[in-house]
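Engineer: Residues or ranges marked as transmembrane segment in TrEMBL: 7-28, 34-51, 63-89, 95-121, 133-154. Under the heading coiled coil, TrEMBL lists 162-189. Summarising the annotation, TrEMBL assigns domain 'Histidine kinase' to 196-420. What TrEMBL records for 557-675 is domain 'Response regulatory'. Among the features that TrEMBL reports, 4-aspartylphosphate is placed at D606. As annotated by TrEMBL, domain 'HPt' applies to 714-811. According to TrEMBL, the feature phosphohistidine maps to H753.
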Amino acid sequence: MIRYVSLNVALMLGAFFLISFGITVFIAGNTLRSLLDFAVALICISSVFLLRTRLPFTFSAMLPVAAFSTLCAVLAFSGGVNGFAGLWIYAQPLIAIFILGLTVGSILSGLLMIAVGITVFVPSAGFAYENAVGFRILCVFILVFLLTMAYEWVRVTNDRRVKKLTGELETARLKAEDAAARAEEAAAAKSSFLANTSHEIRTPMNAILGMTEMILRKSPNSEIYTDAMSIKQAGESLLSIINDILDFSKIESGKMELAPAEYYFESLINDVVNIIKVRLGEKHIRFITNVDRNIPAKLYGDMIRIRQVLLNLLSNAVKYTEKGSIKLTVDGTYRGKREGEEILLSFEVADTGYGIKETDMDKLFGDFTRFDSHRNGSIEGTGLGLAISRNICRLMGGDITVQSEYGEGSVFSAVIPQKVREEQPIAGLKKTEDKAVLLYERRDVYRDSLVYSLENLGAPYKVTNREGLFEELEKDIWPFTFVSPDAADEVRKFIQERNKKTVMVLLAKLEDDELFQDTPMISIPAYTVLIANVLNGVKEIIQEKKSSVKFTAPEARILIVDDISTNLNVARGLLSPYKMDITTCTSGKEAVDLVRNTIYDMVFMDHMMPEMDGVEATAAIRSISGDYFNTLPIIALTANAVTGMKEMFLANGFSDYISKPIEIVKMDAMIAKWIPPEKRIPENSIIAAPVGETTDMKIAGVDTAKGMSMTGGIESAYRKILAVFCKDALDRMSLLENTPGEQELPLFTNSVHALKSASGTIGAAAVSKEAAELEAAGKAGDLALIGKLLPDFYQDLNAVTAQIELVLNEETPSDGRDETQAAGKIPDSCIPLFTELAEVLEQENIGAIRRLLTELEEKPLDAKIKETINSVANAVLMTEFAEAIEALKELLPA
């Protein structure tokens, strides 16, 4: 650029002076010299034009340069205008070489140098000055010529090098763009393939898991139950791997997107804790949760993705920890003090598992990374979970870090910023002065967690040991007493006998409630929200734990909506005694479509769900015109059992609400309140005896009064349950004769679990307690303790079953059957039931068929009619309705 600018300036100045000289000479009368000056000036102007129009490299550029070189020689020969004008020859090498290039320009400049030399040194050339001046002129010309050649050579060389490098860079760029385009196409194809494949695999997997769940519910056989549980666990593992691969493909292709929305933080923690408790299964690991009460109740962010990160970190802790504990700690730091600003949530997952080698730390968050394969080879997984979790955290503006000591455990810390929508803390006490707690918990990790929560809430407390517990209870100054299961019986008895005012709260797992019925309980792991709810009385903690089902409703249709499958299973299980037609779905949008196309009697709607939450789904249902949509009972399911939530739900179109975890008594009350009376079948309507009847049965080791009350209060029904218990117990006796080996331990544990529940139901409390101790030993893998406890249990179970059989073999109390009734003849009182059964068989109405068969089963009918009813039931089970109708025709009068 500088080269061209300089040359343009020189040429234009030269042209200006030459025109001036030409005018002066023309006025002086020297026409020839004037024409020469004008000609050279024109050449200078033409050269500037050629330079600016980028034409100097064409052949036409040689003409003005050659002409300029010739005129320079003439000027040098003539001596110039009124003096020496040969100085213009110095411009010739610059013009010639810059315009025509190094080769052609050097040839022309060389020719001019020869011409100048001849002019200066040949005496006959008529040079006007002495030789010394001519020699200097020539030397200066040669110097300008050589410098110009050197400069041009350097420039040309650099230009060639730059062009070469530029060409190489352009080639590399094109190759990179091509490679990137191919990679993007491949990634898109892979993502599409993974998405399609994932969908294709998910469809049969959902069917497999669904059918397995049905087997687990229906099968009383322990071997089948164990096999079905193995199928379910393997299926869930495969589904988890599929989900990981699909998420990774989204991250890899940059298609992972966040879906922020308002959510209640308590719902997030409740879901995570409940799911991890299920995944812990039979592992004897203590799970602790510490949640800071000051975290805002309502936040704005992608709750689904945060839950995914937490479940991944906690699931890894479960997989890589064989003994000890797993602790989830949650707190937050405000980034501003006004509503709408951010809080930085901190989640810490600490375990006492295998730990991570220092050499593996750098590759921990890599794709498909698995390490320490010798130790962890049997643990399932893709190695994608941590990579996905870190990418999700970073997508939300956070990150994940880890600290670990090999062989001792690991601590994973995730920080995630969230917007604050409601500054009210997730937990708090109304009055701390009347919330004092006496705490007895012998398990250190649980005790420390409870102390953290009580201090965090500001509740007065005192930790005591077993000896000091009763001394403190005697003072009767503690409104609440938290106790672990090992002291529960003694404490309850002490409080009742001495009429103490304290409320005993059991600290136990939910499955332990069978052993401690009628006792308020905080489910372990206990954290601030659960404890605050108990102390504030938001939940009714003193209540009967067993179901109070007084009717069935096989014709009633129920819809349960929740995005967590575990919650759907729990709700379905709690409703199963009512024998209702239950439909489940996992999104608000799907719920609206189902309600629009199907008539339901009641809907249980989860509050927080992705895409469309429960409030939005309820509003959408209420907005549809029609009485059905306006009056349909919609019950909110929520983990937010805080003051004001019920009013909020009622204001948004819900009919009622129930808090999670769902409690049996509250569910029973909700069903009784909202199921239409015409669809209820009273439990006692199919039995002639009154509900409140008593029994004279005496069975050693069995509280028959309690057993009969727990099975409906009907002696004939109680006797049938006793018979079923005896048969089941005798079927399991062979498994209980000897201490099981490690291979038989799962089947043994399932068997004693079943006997624990069944013996408790019939009133055999001592046997139930022994079975519970054996179950606990089985879960702990303590074969030595099983060997110690099993002989007494086996002997006591044998004794109880023998006593039951002895009583059952005595004369059965009259059930109102007419002894003179003809064999195979239907009693007149039952003919309407059989007639109705024939009609509903023609209609293939499954709900009505089941109701009638159940009612007939309880009627005083002879053996032949009972056998026919069983044949009808079996045919219906196989959906052979024509066969069922033919079997029934044999009984009905022509």
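Counting starts with 1 at the first residue shown.
Just so you know, glycine gets a Cβ as well, placed from its N, Cα and C.
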Engineer: Name the secondary structure element type, per DSSP in three states, that contains H753 (phosphohistidine).
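Structural biologist: DSSP call for H753 (phosphohistidine): helix.
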Engineer: Between H753 (phosphohistidine) and the residue listed as '4-aspartylphosphate', find the distance joining the two CA atoms and give it rounded to the nearest Å.
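Structural biologist: Per the Cα atoms, H753 (phosphohistidine) and the residue listed as '4-aspartylphosphate' stand 32 Å apart.
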Engineer: Can you count the other CB atoms that lie within 10 A of the CB of D606 (4-aspartylphosphate)?
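Structural biologist: Here the count is 27.
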Engineer: Counting by DSSP, what is the helix, strand and coil composition of the domain 'HPt' (714-811)?
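Structural biologist: DSSP classes over the domain 'HPt' (714-811) add up to 82 helix, 0 strand, 16 coil.
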Engineer: Based on DSSP, tally up the residues of the domain 'Response regulatory' (557-675) by helix, strand and coil.
Structural biologist: 56 helix, 24 strand, 39 coil
Engineer: Note the mean pLDDT of the domain 'HPt' (714-811), expressed as a whole number.
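Structural biologist: The predicted confidence over the domain 'HPt' (714-811), as a mean pLDDT, is 81.
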